[in-house]
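J.: Okay, here's the structure, questions in a sec.
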Amino acid sequence: MTEDLRSLADDMLATMYDAPGIGLAAPQIGVMNRLIVMDCVKEEGETPRPLVMFNPEIVASSDELNTYEEGCLSIPEHFADVTRPADVDVRWVDADGNERTETFTKLWATCVQHEIDHLDGKLFIDYLKPMRRQMITRKMTKLKRELARE
Ligand SMILES: [Zn+2]
């Protein structure tokens, strides 16, 4: 693990906590690297659990599904129900260069799948029915145009 990648991961965690969000993928900040960070601990007073994952890969998914209302820092102010496998086994390389495998459940499972999708250029709106996806895409295009004008 290079020092550059580690400091990139630290920057991404800071950006994510600032947003605030529970996950961030490098492509979202314009870095084409297979790197994601996440922390789904949301309860006040609970110990944070920042995860840095290089080359994360889903190695197994449960047949059981789960639906969560998802949002995304790349698509501000839009949320939609997305159904995904309820549990996933993920293999990745951590910030110390060690290979790790863990089973994620509940919100963690949804989050890690959402973030890995970013590495493959996929957004949660890709899971929605065409009508709803078009509506969000149109609003986002409009928003981007307005921001560009400012
Ligand atoms: Zn996202």
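Each residue, glycine too, has its Cβ placed from N, Cα and C.
As annotated in TrEMBL:
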type     : residues              : note
BINDING  : Cys72, His114, His118 : Fe cation binding site
ACT_SITE : Glu115                : active site
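I'd like these features described in context: how deep, what's nearby, how far apart.
T.: Secondary structure at His114 (Fe cation binding site), as computed by DSSP, is helix.
All chains included, 24 other C-beta atoms sit within 10 angstroms of the C-beta of Glu115 (active site).
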J.: Any idea what the Cα distance is from Glu115 (active site) over to Cys72 (Fe cation binding site), rounded to a whole Å?
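T.: Pair distance, Cα basis, whole Å: 9 Å.
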J.: Going along the chain, which residues six or more apart from His114 (Fe cation binding site) have their CB under 8 A from its CB?
T.: Gly23, Glu70, Cys72, Val82, Phe124
J.: So around the Fe cation site, Cys72, His114, His118 aside, which residues have their CB within 8 A of the centroid of those CB atoms?
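T.: Output for this site, in sequence order: Gly23, Ala25, Gln28, Glu70, Leu73, Ser74, Glu115, Asp117, Leu123, Phe124.
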